[in-house]
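Visitor: TrEMBL lists these features:
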BINDING   63, 64, 65, 66, 67, 212, 224  ATP binding site
DOMAIN    51-213  domain 'AAA+ ATPase'
DOMAIN    307-391  domain 'Cdc6 C-terminal'
Ligand SMILES: Nc1ncnc2c1ncn2[C@@H]1O[C@H](COP(=O)(O)OP(=O)(O)O)[C@@H](O)[C@H]1O
Ligand SMILES: [Mg+2]
């Protein structure tokens, strides 16, 4: 059967690369049995037509808060539809990053209304009007509503929402509908930032998601790789290495998955048949570089020019440097890119203080004896070459 000789060949190590993307929703969650159990218990009232508890999920980025929540909501939805005693369940997700309460409530109203109905106005109405509308929409449908508010710590005024919403039924705003709030937060101190009034009435169940260790990341990666990669396209030790690196750094599954995907790209570029440890090493270097570049791009123009100025001095072997030396180099750099430089030494020193606080620079104190007094010297915490490279590419893009 010579015509079948090439039929099994793929040009890539990836069977389905999208499985390693941010949008992919895993249908199997591994290594979170305890958290899933706690989640299940917290929400069981939904199955018996009782008021659901409010649930708060805490944990650093990439530890599975969103993935587990979606998984739980699907499972709950399935079970509800199986049981007669359970009221109809409506689950609505909202990422609150940068939201006002008004925007959040508006989004929930629109989510309930769906595509076919008029959107709630973006402006012009009060928050209490928006809440009233939300209650009307809920009551006209009836059943249990779970509002999943992701990144709730980024909500501009969580107190109002967390005071009003959970008490809507006891305050007589809802007759047919029940409501539970599920808040997800990267920030463990979120609860203590709430007003005492809210803390007292919320009665929430808390579930903490800890960072993953290397073994846990290894099983998450193994499960993911099995679906995303062609058979035999990854050495086991490479998965172990990616898991170990991510565990040592952040304990984030997102970071581990990114590392594996990048490792796959590196392996393909080398024409390799499988991802090996050395591909993961190169990938890790690249991911770190990318991170530094993003951080750099987020800085103001003058902040960037100052970092470039220091990088140039360092490349010439002149670090650590004083603010006056930075200023001279900064003026040359600004001239080179045809930018108007800041003119006072004080403004340069302010930038240097900011960049130090952000972790770009390390500052040491120099004592010059009686006459000289104290002054500061600065050096980069980053590889100067990455800074220069990134700066060049930012200027080319612009
Ligand atoms: N226990 C797990 N099992 C399978 N995949 C996981 C698990 N935890 C996290 N992931 C995956 O890791 C990535 C980050 O998880 P996510 O839930 O978005 O983290 P968080 O919301 O805590 O920032 C997603 O791709 C997710 O599917
Ligand atoms: Mg998330």
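A Cβ is built for glycine as well, from the same backbone N, Cα and C atoms used for every other residue.
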Visitor: Give the subset of the binding-site residues 63, 65, 66, 212 lying near ligand 1, defined as CB under 6 A from any of its atoms.
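Guide: Close enough to ligand 1 are 63, 65, 66.
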Visitor: Looking at the binding-site residues 63, 65, 66, 67, which have a C-beta within less than 6 Å of some atom in ligand 2?
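Guide: Passing the 6 Å Cβ check against ligand 2: 65, 66.
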Visitor: DSSP secondary structure for residue 67 (ATP binding site), reduced to helix/strand/coil, please.
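Guide: SS state of residue 67 (ATP binding site) = helix.
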Visitor: Across all the protein chains here, work out how many other Cβ atoms are within 10 Å of the Cβ of residue 224 (ATP binding site).
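Guide: By my count, 22.
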Visitor: In Å, how long is the longest CA to CA span across 63, 64, 65, 66, 67, 212, 224, which the record gives as the ATP binders?
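Guide: Value for the max Cα separation, rounded to a whole number: 17 Å.
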Visitor: What residue among the binding-site residues 63, 67 has the most other CB atoms lying within 10 A of its CB?
Guide: 63
Visitor: Any idea what the model's mean pLDDT is for the domain 'Cdc6 C-terminal' (307-391)?
Guide: 93
Visitor: If you draw a 10 Å sphere on the Cβ of residue 212 (ATP binding site), how many other Cβ atoms land inside?
Guide: 26
Visitor: Return the residues near residue 64 (ATP binding site) by Cβ distance under 8 Å, restricted to its own chain and a separation of at least 6 in sequence.
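Guide: Residues satisfying the criterion: 29, 32, 35, 209, 212, 253.
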Visitor: Go through 65, 66, the listed binding-site residues, and name the one with the sparsest Cβ surroundings, counting other Cβ atoms within 10 Å.
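Guide: So among 65, 66, the binding-site residues given, the one with the fewest Cβ atoms within 10 Å is 66.
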